[in-house]
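I have placed the structure first, in the form of structure tokens, so that the comments after it can refer back to it.
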Amino acid sequence: MLARPTTPAARLIPAIDTGDPARAKVLATALAPHCGALKLGLELFMADGPHAVRAMAAVAPVFLDLKLHDIPNTVAGAVRSLLPLKPAMLTLHGAGGGAMIGAAREAAEKAGAARPVLLAVTVLTSIDAAALAATGVAGGPVQQVLRLARLALDAGADGLVCSPQEVARIRDAFGERPLLVVPGIRPAGSAAGDQARTATPAEAVAAGADWIVVGRPVTGAADPAAAAQAIAESLPA
Ligand SMILES: O=c1ccn([C@@H]2O[C@H](COP(=O)(O)O)[C@@H](O)[C@H]2O)c(=O)[nH]1
């Protein structure tokens, strides 16, 4: 399994969000020397599938963010189908429940020591308190993140995806054991876009994030490698 990062640069996971495989290759090649892993999500996977994963894995560990969410049997099958691609990290949706996460863990164990880190997505970082309430969930984002975190960790998830605004509360409740991967990161002065629960890279790491996921502030910069380096340099040692 991918080990916890030990240097500031290794904490950074740029999100390679593009449907253009050629652009993805350019970004991955430029950013690989400045990060701990590269995130490949739905946009690129829908466009280029397993080929994109193999191409990215040739330059850096791959955080495959597909947010699997289905009945346990189907998610276990999806995990088995993904294992030959050797993703370093893989996301499941925490709202899929304990049986789904347990089935995913059992399927992932087939890869032995090389299995991917299994991360449960809690409450998407684009969702604010009002949007969460509109889905019928009682309590605010922090309460729901802690509820889903307990369920996921008890069911066999290695860690969680949460916003920087819940990191300290998760550390208080669950200690150092869960691996925390944190999107919703915005360097000072950068546009929030559709992200609702945000913090700066340094704030997220100071709160206890293991990895930070940064997409547009890096990939939309004139020099993505320089933007990644600047973020790494802003992090506590
Ligand atoms: O709750 C979540 C889960 C995943 N993401 C992903 O992270 C990146 C963030 O990109 P930005 O451009 O920095 O906003 C993106 O790939 C999301 O799919 C998330 O933002 N929030």
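Note: Cβ is positioned from N, Cα and C throughout, glycine not excepted.
As given in TrEMBL:
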{"type": "ACT_SITE", "residues": "D65", "note": "active site, for OMPdecase activity"}
{"type": "ACT_SITE", "residues": "K67", "note": "active site, proton donor"}
{"type": "ACT_SITE", "residues": "K67", "note": "active site, for OMPdecase activity"}
{"type": "ACT_SITE", "residues": "D70", "note": "active site, for OMPdecase activity"}
{"type": "BINDING", "residues": "D17, K39, 65-74, T125, R186, Q195, 215-216", "note": "substrate binding site"}
{"type": "DOMAIN", "residues": "11-231", "note": "domain 'Orotidine 5'-phosphate decarboxylase'"}
For D17 (substrate binding site), the one of D65, K67, D70 that lies nearest, given that the active-site residues are compared by Cα: D65
Closest of D65, K67, D70 to G215 (substrate binding site), Cα positions, active-site residues only: D65
Cβ neighbours of G215 (substrate binding site) where a neighbour is any other Cβ within 10 Å: 19
Protein Cβ atoms within 10 Å of T125 (substrate binding site), excluding its own: 24
Other C-beta atoms that fall within 10 angstroms of the C-beta of L66 (substrate binding site): 17
P72 (substrate binding site) and D65 (active site, for OMPdecase activity), distance between Cα atoms, whole Å: 18
Candidates near ligand 1 among the recorded positions D17, L66, D70, P72, judged by a Cβ under 6 angstroms: D17
Fewest-neighbour residue among recorded positions, criterion Cβ within 10 Å, set D17, D70: D70
Listed in sequence order, residues with CB under 8 A of the residue listed as 'active site, proton donor' and six or more positions away: L42, T91, L92, H93, V121
Cβ neighbours of H69 (substrate binding site) where a neighbour is any other Cβ within 10 Å: 17
Coarse DSSP state, helix versus strand versus coil, of L66 (substrate binding site): strand
P72 (substrate binding site): tally of other CB atoms within 10 A of its CB: 18
Secondary structure at P72 (substrate binding site), reduced by DSSP to three states: helix
